[in-house]
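Working notes, beginning with the structure itself.
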Amino acid sequence: FASVIYNKPLNSTQDSCSHRCGELLSTCSCQVTCQSLGICCRDYKEFCLQISPYSGSLMGGKDFLIENTAFNASSVLVCRFKQKIKTSGYIAKDGKAHCISPLLYETGFIPFEVSIDDGLTFPYSGTWLSVHHSKVSDEEKCTLVNETKWQYYGTPNTDGNLTLTWRSQALAATHVNIEVWGYHETGDSYSENWLAEWKYLYTLARQIPNTGERTFIPVPAEGNYSTWDFGILRIIPSTYSDGQSNIPSVWSSEHALAWHLGKDFRNDTNAWATAKCIEWDRKEEKLPNFMEEITDCPCTLAQARADTGRFHTDYGCDIEKGSVCTYHPGAVHCVRAIQASPQYAAGQQCCYDSMGMQILTHDSTGGSTPDRGHDWGSPPFMKPPRIPGFSHWLYDVISFYYCCLWSDNCHVYMKRRPSSDCRTYHPPRAASAFGDPHFLTFDGLNFTFNGQGEYVLVESNLTSLRVQGRTQQGRFPNGTGAQATGLSAVAMQENYSDVIEVRSSEDLNLEVLLNQKVVDFSEQTWMDLKGLFLHSTPDQNITVMFSSGSGVEIQGNGGFLTLTVLLPERFMNHTQGLFGVMNGNTEDEYTFRNKTTISVHASPQQLFEFGANWAIENGTSLFTYDTEFLLNNFFHGEKHNASFLPVFFPYEDPADPLVEKMVLVCDSDPFCRFDVLTTRSLRVGSSTRLSHQNHKLLVEHLEPVISCGWLDHPINGRKNGTSYLLGSTINFICNQGYELTGSKERICQVSGAWSGETPSC
């Protein structure tokens, strides 16, 4: 540990970081924390590489600079990813080394090494972030101008020129080639020999000037190339050979290759696409039914936006970006299930109308459609159906073109991809901590525990989930460290996932650490990590989504952190810590480690003892101690500072000028008043009040909703109403010449069943 070598003299026989990045050596450190602790081996910066940019598309071809090491100009550079994929590097005129990223069939942080002796030894190492192709910024791709035209080219009324543009400075070349690549998956579905492949097809334009633009009239591809209907364009310097892998490249977005399809497509698009749609439908018939294992949708838009551990905005239909929902007319917002289903790696999508009600495909083409392939892919990636983005395109998107966009057979598609309703959806439970820490438990109890130290907020034996919090005295106006503490850091892990820590930095911004290393969100705000997804919004709202569906949200508020933990229903009776035992019963909320409990009416002093009981130990700590201050105060110091005594009952002095202002800011919020009095800061008080209101709103949005499930209209009749939640009424009317038997009106009841009888005409 850092403290072991902290006081050793750095002698001349010091260890080297060659081949050893990330390790703690006997005389010095090659771990990322060594810099702030001042204990790095002398050659740490030489061998442990920093790169810029640090991320790029999984399609590869991105040139990145190795920042900290200057190599001999005559060195022969080889870059090796995942210990097996080699790409050539080069040394630029300024002596700086560069690598080219490879084509990968996965997302996330990928380890790489560098050799300067033409691949004999690889002593230098770093990590590269491979990103979902549609999450890469538009500047990095070449642009299909009017993309819809490319994807409908050859259909009635769509012809003429197509234009492709790109940033000419993205490739150091005077002349470029434009290539067409296709994606396919071979072998038997859901078997060992099911493989994914991007394949070079042909060169569309050769030796053209690198001006950043190309306009052409597309002609049907020769031979059997026109059978490839899903693919991508690649621009490369003309000095490379056709289809050469892992070279500097600029890729387009992946798209339906309508523009190069054969004459049969152009002569009768509808017939061509109908035949493809029927063929797809026959294939689907033989595949296993993934619908049985995907999770049901939240019943309302409020639930869908509150359940952030399990559902995330679908960027194709986002209420915060003006609800441009091209594929889902009538929807204002859609979400996708974050985790792919366990066996078939399938995805779920849920769409909602302006009333906040779910839209179902049975009622409208704007309804949500589940996916045989989850759009974001799923670990361990590498093989179908888990390839990020592209597996999804193959089973769920190109088939939508066949059936819905290029022909009029959308009923065939919707029959295979019907919306799930919400009858089996159970919202998660929420617990929060904020201010001079006030805790609101999963079962709805609230208390204040303002100890100083590091504590278990929640842990569960179900998935080895651990969320730990550190509290520190705040820095407040007039420079006094008040007798008040607040959350300054939260660390978390589930099973063998990566460890995430979010902490308040010196300048009161949020700092996120991934396995002890500070995360830079400048290029990517969404990261696929081991056992979790990590997301940061522009205003520094951090969400961690674990594979169990549990979610952790953290905001920096007025110097203290605000924390919310969301746990799915299966965690019932499986939690302990300061957030209590989640079981719907508040009586056992204050349970100690030894399973004894104290009354829910315990005094603040007794609660202080309850909190102290949940202090962590060094052996189980998830925190990073990368400064002398943290080492001395938290690593070597007590985990619960017994000598720090907080204010249990702050005094409201009528003569205090702050009290009058406090009443205006806080109204009747007890937590807000408490915090103003202990910190002497109205800003802290108002941020506490906001966090408290947000928690109440969240709990309200996560209230269970009863759904009776979808009702069909009778044959030879119709129905009025598309809401199927408690209290909803559906009316049935028969067509002219028919009369109705059964109920002409049915109401959704508390039992979850519809009133009356099934009508018929």
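Placed from the backbone N, Cα and C atoms, the Cβ positions cover glycine too.
Taking H, G and I as helix, E and B as strand and the rest as coil, DSSP gives the domain 'SMB' (13-52) the counts 8 helix, 6 strand, 26 coil. What TrEMBL lists as domain 'SMB' is 13-52.
Taken from TrEMBL, the feature domain 'AMOP' applies to 269-417. Confidence in the domain 'AMOP' (269-417), given as mean pLDDT, stands at 94.
According to TrEMBL, the domain 'VWFD' annotation covers 429-622.
Marked as domain 'Sushi' by TrEMBL: 706-761. Note: the domain 'Sushi' (706-761) comprises 0 helix, 19 strand, 37 coil (DSSP; helix = H, G, I, strand = E, B).
Annotation comment: TrEMBL describes C734-C761 as disulfide bond. A C-beta separation below 8 Å, combined with a sequence spacing of at least six in one chain, links C761 (disulfide bond) to P714, I715, N716, G717, C734, N735, Y738, E739, L740, T741.
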